[in-house]
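Report on the following structure.
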Amino acid sequence: MTDTTINNADKVAPTLVARVLNEALPYIRRFSGKTIVVKFGGNAMVDDALKQSFARDIVLMKLVGFNPVVVHGGGPQIGKLLERIGKHTEFVQGMRVTDAETMDVVEMVLGGLVNKEIVNLINSQGGRAVGLTGKDGGMIRARRLRLSHQDAAEQPPEIIDIGHVGEVEHIDPSVVDMLDHGAFIPVIAPIGVGEDGLSYNINADLVAGKIAEVLEAEKLMLLTNTPGVLSKQGELLTGLNPARVDALIQDGTIAGGMLPKIRCALDAVAGGVNAAHIIDGRVEHACLLELFTDAGVGTLIQRR
């Protein structure tokens with residue numbers, strides 16, 4: 001074999017690249033100038049290769065004319081730091097009881113460590129990311145979330161206060177709009193401020209959904225640790241509408257940790273977002289695969 005010999009893999013690669021770019025072109029045209037809200041979480045936040053591929057995806061979106069907005073979680077990172085400092089926390093109905101001291105740690109981790117790491121990742125790939133919390137510019141006004149528990153039907157429900165855990169009361173999109181329609185990529189930590197002046201930790205999926213609604217986003221993309229919504233047989237359900245989702249909830253197909261994500265997606269599309277996607281964040285370049293290929297990846301939820 002001489003130095004000028006080209007193997008089969010080398011012959012295929014340029015053709016494959018051309019085919020992929022050709023398939024992507026209609027989507028680039030379609031979504032140019034549109035806002036895409038991406039919730040970054042799960043394994044994608046702790047695996048170095050996945051973090052790098054995510055950052056490249058976000059930068060490429062901006063380069064081809066999309067307006068990406070990133071909202072991130074950070075529960076595992078919060079748990080690790082609390083454990084390191086010897087701070088014990090309890091969970092009620094899957095939510096962390098958050099006193100003032102714990103909230104200080106939450107703000108430190110979400111608004112500092114995690115947020116700035118994501119900003120740095122995007123900037124290292126040529127983007128211009130700006131880190132924010134919901135407190136910046138009064139972006140997210142929160143109200144305290146109270147849970148209820150009822151032991152017997154005839155008894156009034158017990159109201160449970162879990163501290164500095166909130167839900168979204170109002171979104172002011174002006175800061176995000178200013179950044180997103182310029183050269184910048186907003187990266188948002190899900191911390192809001194209440195009328196009482198206190199900070200509240202809010203579920204990142206819910207924040208992403210509400211921001212997508214207010215920005216009238218084209219798409220909401222939720223990165224998860226599953227391929228998407230699965231049938232009882234474990235098969236991926238690639239497309240759903242609200243009626244189908246309701247039926248799957250009723251028969252128990254959609255349950256557990258997928259429930260809040262699917263409800264977030266439904267609320268977003270009901271609020272005007274064109275489409276919501278629940279995609280596998282464990283797959284490299286999952287965002288690009290969903291945006292730029294005919295097959296897509298994960299589960300698509302639309303109004304119709």
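Note: Cβ is positioned from N, Cα and C throughout, glycine not excepted.
Binding site for substrate per Swiss-Prot: G74, G75, N201, plus R96 from the candidate set R56, R84, R96. Cβ crowding, taken as the number of other Cβ atoms within 10 Å, peaks at K39 among the recorded positions K39, R96. Ranked by how many other Cβ atoms sit within 10 Å of their Cβ, the binding-site residues G74, G75 place G75 at the bottom. The substrate-binding residues named in the record, G74, G75, R96, N201, extend over a maximum Cα to Cα distance of 13 Å. Other Cβ atoms within 10 Å of the Cβ of N201 (substrate binding site) number 29 in total over all chains. Those same-chain residues not listed among G74, G75, R96, N201 yet with C-beta within 8 angstroms of the centroid of the substrate site C-beta atoms are G73, I78, G79, V106, V109, L110.
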